[in-house]
Amino acid sequence: MRNKTGRRFGLWNRFVSIVFGILLLTGGITYVVILTAVNMDLFKHMEFNFAFSMSVAILLSLIIGSAITFLVGKQILTPLLKLNHASKEIAGGNFQIKLETATPIREIKEIYSNFNQMAAELASIELMRNDFIAQFSHEFKTPLASIEGYAALLQDEALSIEDHRQYVQMILDSSAQLSNLSASILKLSKLENQDIITEKTRYRLDEQLRQALLYFEREWTEKNLELKLELPQTMFYQNPKLMMQIWLNLLSNAIKFTPPNGRIEVGLFKREKEISVSVKDSGIGIEEQVQRHIFDKFYQGDSSRSENGNGLGLAMVARIVKMGNGRIEVTSTPGKGSEFVVSFPVENAK
């Protein structure tokens, strides 16, 4: 506390000393000029006490100037000292601190407002980091617990061959789940460290969408899903690998959450300023409160949408779309289905 007080008074003393020194220097120069003028008889037609009067005026100006300096300096330095203290709190990890913006100085008010916004952003990032760690731990814990449990059961010598095969398969499935989760996290981490999309090339977007659909041919055939395609020939200039990740994720979700004998529609539309791809299904739909977080990492909504997923697919989709200066929108009605629309600027359609 004593150290902080010493620094505070040190800053104040330096400020006052500098301003007072300027006032004293100005007053001294003025006094010398007046004395020189008197000695040169420049005031010979005036009374001699003019020099004395000017000296008194200079002294009074120094006193008044010092008082003004004290008041103005206090008004300016106090907010700066508060800002300095708040910055140290931020450096110490306290992101909840907030500065009151009720000050008559517009510049200080603007600085305080920017500081509060910065603190709020840092608090949000810290919350996301903690949430990510918690969710990451949970996602890894589930398959690990499954592997541990079934491995323990395999030690039973009286286990039947059928149960043995089943437990081995469960261990393999959990291992694959861990592998997919690790791969997804690495992909998302790489994407988040990129600002722009590189390795662009010109290709047929409609053909790429057909290839993405064929990738899931077994899945939509087994569920007897009706497919409606509207894919006019469209040239596209983008990174085909990253774009394929978008379409595979959206189509995978559409097929996964659409019941047997359902319907999936895939459309490609070129408008005046953008080119859009729509993936629409007749599945279970998404609740409104879930839609607000559906692009968050590890978020899977309610239990009906958490099957065979790690909550990273749509987060990757959103990141890729943002990198490409595009946008993604979702509209959904619970029990009736969902529609995802990905749009990119028309200059990508070359």
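In case you wondered, yes, glycine gets a Cβ from its N, Cα and C as well.
Not measured: the values here are computed from a predicted model.
What TrEMBL records for 12-38, 50-72 is transmembrane segment. Annotation comment: TrEMBL describes 74-127 as domain 'HAMP'. The feature domain 'Histidine kinase' is assigned by TrEMBL to 135-348.
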For the domain 'HAMP' (74-127), the number of residues DSSP places in helix, strand and coil: 40 helix, 0 strand, 14 coil
For the domain 'Histidine kinase' (135-348), mean pLDDT (0 to 100): 82
